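**Student:** Pasting in a structure now, in structure tokens, and then I'll have a few things to ask.
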């Protein structure tokens, strides 16, 4: 889809110099203060697209140059160019330049003519004349205020049908004038033809006078010969026909006997089939009951399987978690055992090393005995000297040991607390996993419960509805049976009525939708008291068949003739001419229009009912009917409730007893409907009983739902207990332990500080004691070769202390690891027990599922087998039902054949009697003709016999029944039969006449001709001798007039063809636009209103030629009732007008749409809706360029073009562009408005 990319303006209106505006996005808003030149930008777009100067708010093209309106033009030329971009094609430039006082058009910088320019724009969908690309300021309000005629003018402009209006009017005038000329010449020709005829008659009178004299005698002979000839032909024909009919009667008797035997055989076969059908129905009922019992068992088995599968999945998940924990704990224990072995190995290596070192170092500092004694003496002396210091140091040592014990205790407690915290964390993790499992199970259970509840609700509703409906059906059936009992439904239809009903059904099938039915079947008096009156008024039209068109009626008549049906009356709706109902008659007191007391369906048969009823009135009694019929200044057709009819002509008719019999047909029609209703209710009762049998399935579902609800309740209780008790308690204990652990650090640090401080004091005391020892052992140390006595003592003591300390570290590590190993072993055993337990559970569940699946499959197999058997029975039932129907049809056909044969037999017997009567009549006619010829002395040409053989006695009439009279007549007829007449003088054409109507017509013609000849002969006077000259003159004049008439007729035909052509073109243009707009406007109005309940309608006042009259436009605002356009609020009118604007734009849409302040009359809500609609449409249907002053509107755009003024001799417009796509909309969803 193409779009407007850039606009380049130079010295156009308020835009001084050259300015490039753009790029334009799919939805661009032009904003700026009043008077800044926004509308001038729209004028620039209109200008470059070829808009007329008058629509650009200036008088001349020069006034469009910047500064020209104030007398200071910025230049002698100005131009506007547009860059149009299309995907997959090069950009095209369209430019319009003002040079002097005219425009110059360019495409891609090449100068072209205006028509070429327009054609290129039209290829893009831009129609200059229709202005389908822009909406000027105030146009929305203008459209909202338009009346229907003005709306038509708008459509004329958009569709360009208005371009043809002048030519349309011109050709219409030419057509009317040509038709008037033709009519004038026709009347002139007619008058001259009458003159010619008169002159011709005068001439012929003279010729005819003599000719008639000769022809009168010949005509008399011809007439009598004609009568006698055809009398003899008819007698011969009747004799042959009589013999043929007697043969047909014999054949018919034999055929009837054969058909009756066949009918008896078919009845036996039908009885057998119906018994078989009833047996199948019984088996179907039993299988259906069996299926209803088996289905809940299958549902229960399936539910058990599903529940057990869910439990298995949960158990498998728990097994995986337990195995995971077991594997992790096993790994931790393996690590601890490895660490224990490593510590033990390190301890052994240390002991071995110490043993080796003690052996190598033990011999270095060995003292002699005297040196040992001296060492002990000096040691005792040093102790005495430092006794005070030793006591003080001993006290420090005791305190230090006590604090060291405290420190060890705190550190041990810290380690234990850390172990307890780890244990609590594991317990918390276990609690959380249990909660997750419970929540998952509860969610699954809730879903299952919802499904069960939903199924329970559906089944409950279905069963309850079935129960209610069964009660209703039983009540209705009781009522129907009572009504049928009252109506004595055992009435038997005559074969004639059956035949008519069959033909009616046949033509309905042949012409579905075109044949509606008989009038009596399509209407019903509103009350029973009106039945006789309505029957009287409808009369013979009661049985008339209503069809949609004359063609359908003729086709039906042809079909009925082919089927040899009785004559029928047809009322074609397109052919009937009906006078409108006189509304004043509804105001008469004591009377109602007959059409008002009749219900009818479907509605479009009203025309036929109006035709049958007219403006007839129905009154309660005869006096009121007579008063209203004849009492006023104007007569009316009225009927009383007893059937007395008063016609306008003054004729009064009654016939109450016959009318009552006819009126009973309304009740018979009701009985037929009651029978149909009874059959329909019986079938529905069977279906509802099937639905009621689902109660067992409902109870099963309710039981399953209750069990699921109880399990859900226990799970929720367990979840709540786990959350509130176990998890909360563990979290509380963990928090308490963490708090205790946090307190260990400060206490340990305090003890360590005390120990360190005491160590410093002890160090000072030791140094003092060392000084005393150094003084006492000074000489001894030199003797044994050490710096001081402590070096000697520490070699042994220090080593022993280090070894003891190292051994203690090893013991502590082993103790710690042993405790952890014992704990991990206990936990590992618990995890192993859990794994074993879950493995057993999974195995057990899998075995149970296998059993349940087999049980489910067993039930399913039983159901499938039962359903297959049921379907087989149903198929057998359908087949048997089809056979019964076929057999019934065969019997019906045989009955029809029997009825037809019977009817044909009766018909043949009637025909034989009629032929014998006709034969007797023809013989009597021949006797009378011969007798008349003899009496009138008309000489007949005879080939055998003479005129004397004709008897003078009159033939006996049909009323004579005596034997002697009949014998005498037969004797006369036999004697006259011997007379043979020579028909050689009779014209062959007269002999060839076959049909009775044709013979009668020829006879009348001959008689009339004879009468005329005799009459003319008596009246004719001396002929006019100048008649020939007058005839020649009139003939020349007639030829001249005929030529003029023919020329005028051809001119009229040509003018009408020209008019019809322009009329069709104008209608096609207008209708194409109107249909497109009318189709799209409702959808657009809904989209603008953001409400699917909104409705918009367009309708022409004149559908044949819509451009000659107005177009109605109505809208139903969301949440409101239908109101005329004038009663809508201002905002609603504006939205409606916008809907019409966008719908018009959808007809041959331009790629972009320029709109000037269409939101002026909208409130914030409607502004949002319109803006969102434009935003939606701009993404796919068209580019929107909108001038707006309202923030609620232009914030929805993809880009803004800001226009601001600079003051000078006149306003100078400047332009800024702003891309809004970089700033996402705070409300991106337009549907939220």
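Backbone N, Cα and C define each Cβ position, glycine as well.
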**Student:** For the feature N6-acetyllysine in Swiss-Prot, which residue out of 267, 887, 1037 does the record point to?
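**Tutor:** So the answer, going by Swiss-Prot, is 1037.
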**Student:** Checking feature assignment: coiled coil per Swiss-Prot, candidates 62-82, 83-103, 104-124, 125-145. Which range matches?
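**Tutor:** Of 62-82, 83-103, 104-124, 125-145, Swiss-Prot gives coiled coil for 104-124.
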**Student:** Pick from 216-237, 238-259, 326-347, 348-369: which stretch is listed in Swiss-Prot under region 'Disordered'?
**Tutor:** 348-369
**Student:** Using Swiss-Prot as the reference, determine which range in 901-923, 924-946, 947-969, 970-992 is annotated region 'Disordered'.
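**Tutor:** Within the set 901-923, 924-946, 947-969, 970-992, Swiss-Prot attaches region 'Disordered' to 947-969.
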**Student:** With the ranges 284-308, 384-408, 409-433, 434-458 to choose from, which does Swiss-Prot describe as region 'Disordered'?
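**Tutor:** Within the set 284-308, 384-408, 409-433, 434-458, Swiss-Prot attaches region 'Disordered' to 284-308.
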**Student:** Relative to the Cβ position of residue 970 (phosphoserine), how many further Cβ atoms are located within 10 Å?
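**Tutor:** Residue 970 (phosphoserine) is surrounded by 13 other Cβ atoms within 10 Å.
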**Student:** Between the Cα atoms of residue 35 (ATP binding site) and residue 648 (N6-acetyllysine), what distance do you get, rounded to the nearest Å?
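**Tutor:** Between the alpha carbons of residue 35 (ATP binding site) and residue 648 (N6-acetyllysine) there are 77 Å.
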**Student:** Tell me which of the modified residues 648, 713, 970, 1037 ends up closest to residue 38 (ATP binding site) in space, Cα to Cα.
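**Tutor:** Going through 648, 713, 970, 1037 one by one, the closest to residue 38 (ATP binding site) is 713.
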**Student:** Distance check, please: Cα of residue 1037 (N6-acetyllysine) against Cα of residue 32 (ATP binding site), rounded to an integer number of angstrom.
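**Tutor:** Just about 84 Å between their Cα atoms.
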**Student:** Please give me the CB contact count at 10 A for residue 36 (ATP binding site), counting all chains in the structure.
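**Tutor:** Excluding its own Cβ, the number within 10 Å is 22.
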**Student:** Where the distance is taken from Cα to Cα, which of the modified residues 648, 713, 970 turns out closest to residue 32 (ATP binding site)?
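**Tutor:** Considering only the listed modified residues, the nearest one is 713.
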**Student:** Given a separation of at least six residues and a C-beta threshold under 8 Å, show me what packs close to residue 648 (N6-acetyllysine) in the same chain.
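**Tutor:** Long-range Cβ contacts: 629, 635, 636, 637.
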**Student:** Give me the DSSP three-state residue breakdown of the region 'Disordered' (284-308), ordered helix, strand, coil.
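**Tutor:** Final tally across the stretch: 25 helix, 0 strand, 0 coil.
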**Student:** If you run the three-state DSSP split on residue 35 (ATP binding site), which class comes out?
**Tutor:** coil
**Student:** What is the Cβ neighbour count of residue 32 (ATP binding site) at a 10 Å cut-off, with all protein chains included?
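**Tutor:** Its Cβ shell of radius 10 Å holds 22 other Cβ atoms.
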**Student:** Count the other Cβ atoms sitting within 10 Å of the Cβ of residue 34 (ATP binding site), across every protein chain shown.
**Tutor:** 8
**Student:** At the level of the C-alpha atoms, what whole-angstrom distance separates residue 36 (ATP binding site) and residue 713 (N6-acetyllysine)?
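**Tutor:** With the alpha carbons as reference points, the distance is 74 Å.
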**Student:** Write out how many residues of the domain 'SMC hinge' (515-629) are helix, how many strand and how many coil, based on DSSP.
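**Tutor:** DSSP classes over the domain 'SMC hinge' (515-629) add up to 61 helix, 22 strand, 32 coil.
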